[in-house]
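Listed in TrEMBL for this protein:
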| type | residues | note |
| --- | --- | --- |
| TRANSMEM | 32-53 | transmembrane segment |
| DOMAIN | 37-471 | domain 'Major facilitator superfamily (MFS) profile' |
| TRANSMEM | 86-102 | transmembrane segment |
| TRANSMEM | 114-132 | transmembrane segment |
| TRANSMEM | 191-210 | transmembrane segment |
| TRANSMEM | 222-243 | transmembrane segment |
| TRANSMEM | 323-344 | transmembrane segment |
| TRANSMEM | 356-376 | transmembrane segment |
| TRANSMEM | 421-443 | transmembrane segment |
| TRANSMEM | 449-467 | transmembrane segment |
Amino acid sequence: MQDQHKLRRLSAQDAVYTHTHKQPTSMLASLWSWYISWAIPGLGMFSEAYIIFSLGLTKPLQKAMFPTCFKTHDACPEAITHVQNYIQLCGIIAGMLAFGALGDYMGRRWGSRIVASIMLSGTILLTFSPLVPNPATFLNFYIFAATWYGFGVGGEYPMASASAAERSQSDEALRHRRGEQVVLTFSGQGMGNFVNGCVILIMMAWFGMTGPTLDPTKARDVISIQFAVGAAVSVFMVLWRWFKLKESEVWEAEKHDFDEITENELHKGKRYLTLNAFANFWPRLAATSMAWVANDFAFYGNKLFQSTFIALLYPKATEFERMQWTVLNSAVSLMGYFCAAALIDKKWYGRCRMQNVGFLMMFVLFLICGVAFPTLTASEAGLRAFQFLYFFSSFWNQFGPNCTTWLVAAEVFPTDVRGTFQGISAAMGKVGAIIADIVFGYVSTRTTFYMSAAFGLAGALVTWLFLPDTTGLSLDELDRMAKYMLSNEFEHYHGEAVNPKHLSTWERYVLKWHRHYDPEMDRKHKAIQLAKSMGKELSALEKEVLSKC
């Protein structure tokens, strides 16, 4: 080691945070504390699913409200009506990239406040959009409002996931349940999808739209009211974040350490840190990005075209009856989120295995749907089997890659670039959703299942090759390894972050990071670094250790 004192300046161990976990006084208080610990942070994802997935659910209502726009296309070009699906995803991608980087620069609190405010303004615009009388004007107004809302949603992804992971890291009582807390926060997405379906179903029943035809005026009212419910949730979310939300202690600690390192050693600032992270963590970025592409191709493709699939499963049912089955499917999916939260921190299952099993199950189930498609759609018994396969694939999507991709993108990168890289990964996932939205509109339903199966298999292969397993690994330890990399001393890092069990196949057999793993040497390094942090002089043993570096 050229500068023997450099080792002493590197982080020694987990940071000490000021947050203290208040112990509830009763079982009811304990349950309530557990619930709000993830439900309130998950409101952004609740709003995201509530609004975004309503696209697929309200298409029949849009057709009833403006048939000249969405059926005969006399008032609106067919190509423009289809734009409403993927233009919103373009707004989401822009938000992910912008606020992922801004969140690393300005902090999690301000980033969360801004994106929540954008989402609120977007839901208000969407609420009033059905009141526009002209169909062409409605469509343009609706597309603008949805895209603006999507821009806020995009920022919510890196903000919510990074905040949830770091909140668990800074609370000793939750540190060993980090995956559970992050996935439960993300389960707000499943709850939003379920509640949106319930609200639409209740409104249809309230307005008497349970028969074979839908009234245009009542359809307009249902669309507007269900958006208004989403706006009410956004109001609470904005107020909470502006008056109650605190900054991430993990982000604050790492920002202080990074500023000290750059001031004393590198003089190169944030740009150097990002380039350094790209150089060292690109295989992980490939894993989080490509797996998200594979997942969102199947997940969003099925959600955006959910009304089409439900109509195929229940060809003789009314729209009201199909909405009932849609709500049931959402309930099945929601169970997948909670199952994922229950097992995500178990060392015998964990992140990688859950993602791989989920992808492989999606591959098998979608392949069966494709191969047996004529048989499954030829009889009542076949349709019941088809229903089971479709619902079961939704369960494994949540109890697998839809939850894990959101989680691991917030865990496998250091804190200083966590938002940036999570935003990039999520944006790539939405590229997969756009591909699905475009392609699914031009191919047969049977082909969509074949394609979804292929993406499931590709996701499993990417996971096996590039994704490390961070189950049980402290975020502080990952940040510690990143500091060694930042100081060009990675070969002298011997801690848990290069333990073979926490490395991907690529990192073990190609990069060979596991060669540096030496718990005993790492213990001595930590002792030296701790001595420096306490202002002690080097001992004879510490000098001997340094001389061997």
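Every residue, even glycine, has its Cβ placed from backbone N, Cα and C.
Touching of the transmembrane segment (222-243) and the transmembrane segment (191-210) is concluded from the presence of at least three CB pairs under 8 A, sequence neighbours closer than 6 excluded.
Away from its own ends, the transmembrane segment (421-443) comes close to residues 82, 85-86, 89-90, 92-93, 96-101, 103, 154, 157-158, 161-162, 277, 281, 285, 288-290, 292-301, 304-305, 405-406, 409-410, 413, 451, 455 of its chain (Cβ-Cβ under 8 Å, at least six residues beyond either end). Each residue in the domain 'Major facilitator superfamily (MFS) profile' (37-471) has a pLDDT score, and their mean in this model is 89.
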